[in-house]
Structures are given as C-alpha cells and as structure tokens.
Amino acid sequence: MSAWRAPEVGSRLGRRVLWCLLWLLAGVALGYVAWRLFGHTPYRIDIDIYQMGARAWLDGRPLYGGGVLFHTPIGLNLPFTYPPLAAVLFSPFAWLQMPAASVAITVLTLVLLIASTAIVLTGLDAWPTSRLVPAPARLRRLWLAVLIVAPATIWLEPISSNFAFGQINVVLMTLVIVDCFPRRTPWPRGLMLGLGIALKLTPAVFLLYFLLRRDGRAALTALASFAVATLLGFVLAWRDSWEYWTHTLHHTDRIGAAALNTDQNIAGALARLTIGDDERFALWVAGSLLVLAATIWAMRRVLRAGEPTLAVICVALFGLVVSPVSWSHHWVWMLPAVLVIGLLGWRRRNVALAMLSLAGVVLMRWTPIDLLPQHRETTAVWWRQLAGMSYVWWALAVIVVAGLTVTARMTPQRSLTRGLTPAPTAS
C-alpha cells in the first residue's frame, strides 16, 4: 500500500516545491521593480501638486480662485485640476515629506495595479484549474497578475509614465474595475464608480456600461454616490467647490496644451491642425458622436455575445478617445484591454482580437508617440501626425473589431465559463 502511495506523495511534494519556486520568481520580479522604482528618490510632479493642493485646503487657501498656480521645484507652475474632494482625500500626503509621498503613491499604485489585474483575470476566469499548481484559483491569478504587472511597470509606456508622474489613474481604474468586473460585490454595485466620478469626472462614461446592461440600480447607485461625495466636498470646502463646479470645470485649457504629442485623443489630434477654434470644436463634437455610436453598437453586440468584460474595455477606450484631455499616462486601461482581448481572442479563435492584443503591447513598449516631435507637433508632416495618434487608432480598431467579430457563437471553451461574467444586473 505504501509503495502505491509513494508516487502520489512525491508528486504532491513536487507540486508544492514548484509553487514555491513560482512565488520566488514573482518575488524576484517585484524586487527588480522595487529597485527600479525606489533605487533613487525620484521627483514625481503630480504627487507634488496633490500635496500642495491638500496643504492649500488645510490652510484655508483657495484651490482655484484667481487662477491659482502651484510652483514646483522644476520651474513649472501648474493648477490643481481635480474637484475639492480630491484635495481633502489627498490631505494625508500633505503631512509627508516629498520623498515619502512619492514612495507612498508608488506603493499604492503598484498594489492596486496588481489587485485590479487579478480581478480582471478572475472576471475572465483565467487559469481556472491546474494539475501542477496546488493552490486556489485566486492565488494562481494573483501570481499571474504579479508576473504581468512587473514588466508592465518598467517597459509599457502608459504604466511607466503613470508611475513617473505619481498619478492616480490606476486608483480611478481600480474603482471602476471593482464595480464592473466581479460577479458580485460586497457593496451596492455602482458605489465605487460614483466615488471615482466625484474624484475626476471622466469615469462617468462607465454609466453607459450599466445602462446598456439595463442595470438601472447600479447606475442610480453611482449617481447617488457621486452626489453624496460631491456634497461632502461642499461641506468641507464650500468656496472651492462652488468655484470648481460653476467656473473651473469648464476651462479645460488650464489642464495643459492639447497639442502636445502625449495628448492621445481626438481633441489633441485636432489641436495639432491649423484650423480655427470653431471648426476644431465642431469636428471634435462630430468625431465624438461617431465614436459614441460605434461604441454603443459594439457594446450591444459583445453584450449579446455574453462578453461583458469586453464591453467594459470598449467604454473605457471610448472615454479616452473622446475626452478633452487624455495624456498617455491616462491610458493605463490599455493593460487590462490587452489582457481581455488577448484571452478572448484565444478562447474564440479570433485572430483579429489576438493580433490587436499583441499590437497593443508593441505600441506600449515601443511607442510611436515620439515620432511626433514634442513642442513641434503642429508643424510635423502628415505621416508623423498619423503615427503620433497611435493609441487612438488602436482603441478605435479594438472597438470596431470587437463589434464585427465577437458574436454569440458558442465554443467549447466559452460554454464552460458562460456563467463567469461580471456585473450581473442584480447586485
């Protein structure tokens, strides 16, 4: 009897050793990332602005009135562009020295990027079973998330830029992902999205996802969450809230020069053309409406096909393309996008989606944005103008290809996982 059991015992021990070695590999990857991120104390300009905005609120100074600009050590004078509630939530950073604040925002971003990637993998039901790795599926997906995020942090432009600036785009993305991807949420679905909208209006585009899913409860919850959070901002910063919502919000030009090559959207592309403001605005509205129509068409088709994760990606890319400002570090959504379309491309034997996933990785690793000369964008030749919009072209391709090629046709792989989809209509 013992001789018969011995191979099973040895096999079990071997699997455990393999699992330990895999986590050792993940630890080495995270160690390398930490060395790259913390090997020296970098200056992250956006966390500096967050700190100064929080200090202004704590000191009772205006955040926006009179065209307030905050002076940075590198000579740039920048405004605080978020609602007053954000300054309130940034206040813990105000109590830290700049190096400590840089470390804090970097650690927070890294943890949330791993967590959000693991949630995306769970929503896709990636790696559901394994004969070699004796661990729950959630731990396997967490390990896989670490192995995905580690190189992305260093080598993929939107992700590395987000870390370099000390931005909160990953925080906002995580708030959306935890509301839209899981099958169930421990809070009323839409609550986290509403908080994200209160921190920065751009996540409001994800209301379209709930509306097309006919999940009115989640949409109303998001609106209620946004209203309560904004009201809290008025309670804690009445003058700044009034100034922001009645005046500052409408002046998108204060965010930065739209013609910069890193502004990856329709508005940025039009700003690089020598046309008048009225013509530029009309073209932006027309282009945005066309992209909206294409996105709704694509989302309806992929939702009918039972792929809500892809619908979330479509609306995320739509928001980036039509937003008045979409700096390249706002495009952190490209990471979950390549994961979703890559895995769905494999499951559905959809070569177009798989190739778009690969193209997305290539664009992030060797970005053509730099082919558009910085600060000389408006005089660049036509092919540089086109190449400099690479993220926009890729996003539009994903939306169109998703709508054209993802159908309700069942495959063996998909039939096994049809119940594992995010955001059911009832929370």
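The backbone N, Cα and C atoms fix where each Cβ goes, and this holds for glycine too.
Within its own chain, the transmembrane segment (18-38) is flanked in space by residues 103, 106, 110, 132-135, 143, 146-147, 149-151, 153-154, 163, which lie at least six positions past its ends and keep a Cβ under 8 Å from the stretch. Annotated transmembrane segment per Swiss-Prot: 18-38 (among others), in sequence order, evidence recorded as sequence analysis.
Residues or ranges marked as transmembrane segment in Swiss-Prot: 101-121 (among others). Long-range neighbours of the transmembrane segment (101-121) within the same chain, counting only residues 6 or more positions beyond its ends whose Cβ lies under 8 Å from a Cβ of the stretch, are 33, 37-38, 41-44, 47-48, 50-51, 93, 127, 138, 141-142, 144-146, 148-149, 152-153, 159, 162-163, 166-168, 170-171, 173-174, 177-178, 181-182, 309, 332, 335-336, 339-340.
Taken from Swiss-Prot, the feature transmembrane segment covers 143-163 (among others).
Annotated transmembrane segment per Swiss-Prot: 191-211 (among others), in sequence order. Outside the transmembrane segment (191-211), and at least 6 residues removed from its termini, the chain residues within Cβ reach (under 8 Å) are 82-83, 85-86, 89, 168, 171-172, 175-176, 178-180, 185, 218-219, 221-230, 233, 249, 295-296, 299, 308, 311-312, 315-316, 318-319, 323, 330, 423.
Residues annotated as transmembrane segment in Swiss-Prot: 218-238 (among others).
Here Swiss-Prot flags 279-299 (among others) as transmembrane segment.
Marked as transmembrane segment by Swiss-Prot on the basis of sequence analysis: 308-328 (among others). Long-range contacts of the transmembrane segment (308-328) within its own chain (CB-CB distance under 8 A, at least 6 residues past either end) are made by residues 120, 123-124, 157-158, 161, 176-177, 180-181, 202-203, 205-206, 208-209, 212-213, 252, 255-256, 258, 260, 262-268, 287-288, 291-292, 295, 298-299, 302, 336-337, 340-341, 344, 367, 369, 391-392, 395-396, 398-399, 402, 406, 421-423.
The feature transmembrane segment is assigned by Swiss-Prot to 331-346 (among others), with sequence analysis given as support.
Taken from Swiss-Prot, the feature transmembrane segment covers 351-371 (among others).
The feature transmembrane segment is assigned by Swiss-Prot to 386-406 (among others), with sequence analysis given as support.
When Cβ-Cβ distances below 8 Å are used as the criterion, the transmembrane segment (351-371) is approached by residues 152, 155-159, 261-262, 264, 328, 334-335, 337-339, 341-342, 344-345, 384, 387-388, 390-391, 394, 397-398, 401-402, 404-406 of the same chain, each at least six residues removed from its ends. When the stretches 143-163, 331-346, 386-406 are ranked by Cβ pairs under 8 Å to the transmembrane segment (279-299), first place goes to 386-406.
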